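One structure is given below, encoded as structure tokens.
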Amino acid sequence: DRLLRNFHRVSVCMSFNAAVSNLHFAYITVVYPGRLGFNCNSVVFTVWTLSSLLIASPLTTRLGSKHAIVLGMALYCVQYVATTICSAMPDTWYMHALAYLGATSCGLACSLYYTAEGVYFAQSARRAAHAMGVSVESRSAAFASVFGFWFLGIECAVKLGGFLLQAAGAGMTLVLVVSDAIAIAATVATAAVALALHEAGAGPPGVCQAAREGALALWPDARIWLLSFLTLASGFALSFTNGFMNSQYVAPQLGGKYVALLSALPSLVGALVQHLLKVSAAEVGKGYVMTSATVVLLVFAGLLSFLDMQGLGWWLAVFYVLFGLVQGIWVGTNKAVLADHFPDPMTGSAFANMTMQFAFAASIAFFTVTRMPLAAVSSVFAGLALLIGPGYCAARRLQRQSAKDASDDTQSDSQSE
């Protein structure tokens, strides 16, 4: 299948670029002096949220999904190079200016990359389904699992590579230089090998109108909020594990050099479960797969409440495994569900909203979790977990009602003619 092979190639290239972003995120507070790392991450989350809300969907439609992906990857590379240069510079005002420039570029990159990737995935699944004469829903889970496997698997490999380089005695700047080269090569490869699935600015009037409105186009549709709870939980968990747990528990108990190693574990787990998620979605439905995240999050919340986090040692890895399961469901099955619910002209706006919701939850956790008792953090996870299933069921009912209304309108038009 030509489209599936193309999506494999694009997923590999995109995943190498994004994996470097996660590596930089893990190291930025080490590379930058004082509170500069915290401030830069604050800029990233703020720009990411606002640009997802306002410009990601319009820009993706105007450029076309392929070119929007390449632009997002190029903006990532600006941040990577800026961070690498800053790591070798003295603590001066122009070093701070370069760091903030990189952070702004990273925020723009995140919004554009994830929105355009979602659109490209949905377009690939729809074209493949049309060519095979089957429903889009029957192909979306398969394509989502492809991206989930490569995205999380390569993220794990890059983080593990950074850990091994440091363990071998390589300096931080060398690790960053190597990762930058990988990201730049991946960007060039994406531009060279990816098929353009639609022309820049192409589409019916509905697509153009949705593009002008961006993520706001779907705000009146309750489904975009009913399907948001897994995204919110994933964003909150990302900041909690990669930020708070790494600094407060892993580094003091196991040593700083093991932060990258444990940070790679969720990606490994998420990649390994992609095939199981694809098969499960085909056998029992995507809804059951999505709601299985409820059980995982409740276990996460329960362990967080009842265990002594200060003395777990290597048992901390259990939290990273659980987060990996949630991340695997979100990266794979959740995107398939979103594509099923929001075909063109709503696809770009749907994935822009998903990106905005993820960034918002991650930023809330980033800013507040250090001031929250663990019981409160556990309550957040439990609350979001318990809303995933009801939210999906309500969204599914609205989807069926919308399809029925559209069918009734079509029959009425036919009879009137």
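From the backbone N, Cα and C atoms, a Cβ is placed for every residue, glycine too.
TrEMBL does not curate its annotations; it predicts them automatically.
Here the transmembrane segment (36-56) has long-range neighbours at 25, 28-30, 96, 99-100, 102-104, 106-108, 110-112, 114-116, 214-216, 348, 352-353, 355-356, 359-360, 362-363, 366-367, meaning same-chain residues at least 6 beyond its ends whose C-beta is under 8 angstroms from one of its own. Annotation comment: TrEMBL describes 36-56 (among others) as transmembrane segment.
Tertiary neighbourhood of the transmembrane segment (68-85): same-chain residues 10, 14, 17-18, 20-21, 24, 28, 31, 59-60, 98-99, 101-103, 105-106, 108-117, 119-120, 173, 176-177, 179-180, 183-184, 186-187, 190-191, 194, selected by CB-CB distance under 8 Å and a gap of 6+ residues from either end. Sequence annotations record features per position, and here TrEMBL assigns transmembrane segment to 68-85 (among others).
Residues or ranges marked as transmembrane segment in TrEMBL: 97-120 (among others).
Annotation comment: TrEMBL describes 141-165 (among others) as transmembrane segment.
What TrEMBL lists as transmembrane segment is 171-197 (among others).
Here TrEMBL flags 218-238 (among others) as transmembrane segment.
The transmembrane segment feature in TrEMBL is assigned to 258-277 (among others).
The transmembrane segment annotation in TrEMBL covers 289-307 (among others). Residues of the same chain lying 6 or more positions beyond the ends of the transmembrane segment (289-307) and with a Cβ under 8 Å from any Cβ of it are 230, 233, 237, 277, 280-281, 318-319, 322-323, 325-326, 329-330, 333-334, 337, 374-375, 377-379, 381-382, 384-386, 388-389, 392.
Per TrEMBL, transmembrane segment is recorded for 313-338 (among others).
According to TrEMBL, the feature transmembrane segment maps to 375-395 (among others).
Long-range contacts of the transmembrane segment (375-395) within its own chain (CB-CB distance under 8 A, at least 6 residues past either end) are made by residues 222-223, 225-230, 232-233, 236-237, 240, 287, 290-291, 293-294, 297-298, 300-302, 304-305, 337, 341, 369. If you look at the transmembrane segment (171-197), the same-chain residues 6 or more away from its ends with a CB under 8 A from one of its CBs are 3, 6, 9-10, 13-17, 20-21, 23-24, 27, 30-31, 64-67, 69-70, 73-74, 76-77, 80-81, 83-84, 87-88, 120, 123-124, 127, 158, 161-162, 165.
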